[in-house]
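Take a look at the structure below.
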Amino acid sequence: MGRMHAPGKGLSQSALPYRRSVPTWLKLASDDVKEQIYKLAKKGLTPSQIGVILRDSHGVAQVRFVTGNKILRILKSKGLAPDLPEDLYHLIKKAVAVRKHLERNRKDKDAKFRLILIESRIHRLARYYKTKRVLPPNWKYESSTASALVA
């Protein structure tokens, strides 16, 4: 997928395995994987961090192939899903960091410009999540309250 605010074409991407069945060497059952997901979520890890740990430490390449559901759906069914979607959370965190940098370095014009780009991505993503009903319709990003969202 191409980059939004950069000249790169972004051609590299991960290749999913052709076979969607569970590997024969994997000894974990669906319930074991779900228990691992719940345990890691209670530690405060994000869904992507949970996926990386399951892949690297437990040999679960794709949780969806083993359990039949994605990690976020499993967390939602148990009520452990994060309030903000992960990509939106990281954009807000980045905007807070740039704004903090701008408080110390007022004349940094490039950072000011990059902050505008980051905040436009936040608004665009928030609009998408409102239409998908992930965020409530009255949710609004405000730079003054953003640091409280990511703290």
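Note: Cβ is positioned from N, Cα and C throughout, glycine not excepted.
The following features are taken from Swiss-Prot:
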| type | residues | note |
| --- | --- | --- |
| CROSSLNK | Lys27 | ubiquitin cross-link |
| MOD_RES | Lys27 | N6-succinyllysine |
| MOD_RES | Lys27 | N6-acetyllysine |
| MOD_RES | Ser30 | phosphoserine |
| MOD_RES | Lys34 | N6-succinyllysine |
| MOD_RES | Tyr38 | phosphotyrosine |
| CROSSLNK | Lys43 | SUMO2 cross-link |
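Sequence features, as recorded in Swiss-Prot, placed on the structure.
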residue : record               : Cβ neighbours (10 Å)
Lys27   : ubiquitin cross-link : 9
Ser30   : phosphoserine        : 14
Lys34   : N6-succinyllysine    : 19
Tyr38   : phosphotyrosine      : 14
Lys43   : SUMO2 cross-link     : 9
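Taking CA atoms as the reference points, Ser30 (phosphoserine) and Lys43 (SUMO2 cross-link) are 20 Å apart. Reduced to three states, the DSSP call for Lys27 (ubiquitin cross-link) is coil.
Closest to Lys27 (ubiquitin cross-link) in space, going by CA atoms and restricting to the recorded positions Lys34, Tyr38, Lys43, is Lys34.
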